[in-house]
Amino acid sequence: MTDMLGDWKRSHLCGTLTKADVGKQVTLMGWVMRRRDHGGLIFIDLRDREGLAQIVFDPAKAPEAHREAEAVRNEYVVAIKGEVVPRPEGTVNPNMKTGEVEILVTQCKLLNRSKALPFTLDDYVDVAENLRLKHRYLDLRRTPLQQNLILRSRVSQVTRQYLTENGFLEIETPFLTKSTPEGARDFLVPSRINQGNFYALPQSPQIFKQILMISGFDRYFQVVRCFRDEDLRADRQPEFTQIDCELSFVDRDDVIAVMEGLIARIFKEAKEIDVQLPIPRMTYAEAIRRYGVDNPDVRFGLELVELTDIVKGSGFKVFADVAAGGGIIKGLNAKGCARFSRKEIDDLTEFVKIYGAKGLAYVKIEGGEWHSPIAKFFTAQEIADMNRAFGAEEGDLLLFVADKPKVVNDSLGKLRNQLAQILGLVDKGTFKFVWITDFPLLEWDEEEKRWAAVHHPFTAPMDEDLDKVESDPGACRAKAYDLVLNGNEIGGGSIRIHQQHIQSLMFRMLGLSEEEARAKFGFLLDALEFGTPPHGGIAFGMDRLIMLLTGSDSIRDVIAFPKTQKGACLMSDAPSPVDSKQLRELAIKVTVKQ
């Protein structure tokens, strides 16, 4: 039998009691974390979201409560009444918030029992993640996950407070919207009333927040769910949360200034970390040149070295041919890594092949000389010039990739991060931000043989590049900006196109006919004709931001009910088949690919 709660009222949360509470009569309720029977006295660690309290059952003082405690097991739900007393000398636990006190029980109620657990609820559990996700209600009782979600809630509160103080209005935008397939696939929702037609779940509130600016609301924000039906990676979810903002009558610097204030407030109030403002900025071109990627981790050096001009006339045919064909040659100096074995270098070679590189040339600096199969192809002057470019010293390992610029930058940029992990160059306790600006407006899609928007079709070109949009699309820069933290893009935004003729031009550049643009975006094109203010905004990825703030290894550890990499919720068994009657009401017939 279990007891009913009756008229008992909780007086305190378990993890909040301190020496200041000694002598108080308290009522606590929670889960039994562990039970210890010391041959008379029974000790229970009682847990709630605030932490643990040590509960003492003394048969001499409360025999009935002691009998109840004898039957208690882990994860039973109990309520106790008792007095807060100091722990005996020598038993104080400095690792617990409540470690100086314990509660001497006078009464106890067993509110509910628990089955045997499929896994322990320790801070670190060595168990398959799928088992944890299947029993997510148990997994979420673990302290690390509870702390993650408590911090997430705090970040949401701080965000709303800061943005409201700065004149933003929280306005909801629709979840049932029009499908405008650009980029990732939409999640589609069939309409029962308008059979054969579908809503789409929003990939972002982009167009609606722009229309709110056209409507004169000046500053908008939303902590909003977004949906993308794409192949999932470890750091992606089909549904995710954005801190979404839009501002009228602003330029890039205005948006960045307000958003830096938000980031600084979040880090200060959530983690007691002071973010140095202003955050450094770097152009896209500089990021690619120095780091190979547009989301560089600037906590460490290991920058890419441009070598094309030095080696284009060399006797090493691989390098010379690549340079002659319009490719580039770049390298990395892995300081002190001449000790690497052939197998370790082979592993690095296989790693860069993942990103399209055909191979990885290497040189070891030993005894003041080059040791490498390629050393014989270079003159003494070329070797001296490369040593100077690399800053090469005794014991260094020089690594080279030669290919098309995108392949070279991608592969070396990823190799840079990999080497930083191997060599322990990353200080995991530091947070380093950088804004990336001046992105290309358009990029050529080789598969579809057309131009594609680097960010999205509503990003404005730089004023000075506007006359090149048609004549030289690849040279046009966008009024776009990303915020990168420790090598992770946590926010992206831009100044938007606010003139209809430029928006129509952008759609044409993306290969949309006037009819297609009207069919997909007609309501935006119409709105742009009615006095649209200059405006811009940004969206921060809440899930990734919380993952970095908490030092979590997986984005699934900062979401209450995440999906697997196959898009499934193992706890609720979604997605699942639906009743045939529901399908008939929607005029839908299901055909499953074999």
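Note that Cβ sites are derived from N, Cα and C of the backbone, with glycine treated the same way.
When the candidates E286, E489, E585 are compared with the ATP site entry in Swiss-Prot, which names R228, D229, E230, Q237, G541, M542, D543, R544, the shared residue is E489.
In Swiss-Prot, the feature region 'Aspartate' is placed on 206-209, out of the ranges 74-77, 126-129, 206-209, 418-421.
The shortest Cα-Cα distance from R496 (L-aspartate binding site) to any of the recorded positions (H38, E230, M542) is found for M542.
Listed as Cβ neighbours of the region 'Aspartate' (206-209) (distance under 8 Å, sequence separation of 6 or more from its ends, same chain) are residues 173-174, 177, 180, 220, 222, 244, 246, 456, 458, 521, 523-524, 537. It is 56 Å from the Cα atom of G90 (site 'Important for tRNA non-discrimination') to that of R228 (L-aspartate binding site). Within the same chain, residues at least 6 positions away in sequence whose Cβ sits under 8 Å from that of E230 (ATP binding site) are A184, R185, R236, P238. Among the recorded positions listed (H38, R228, H455), H455 has its Cα nearest to the Cα of E489 (ATP binding site).
With the fewest other Cβ atoms inside 10 Å of its Cβ, the least crowded of the recorded positions H38, R496 in this structure is H38.
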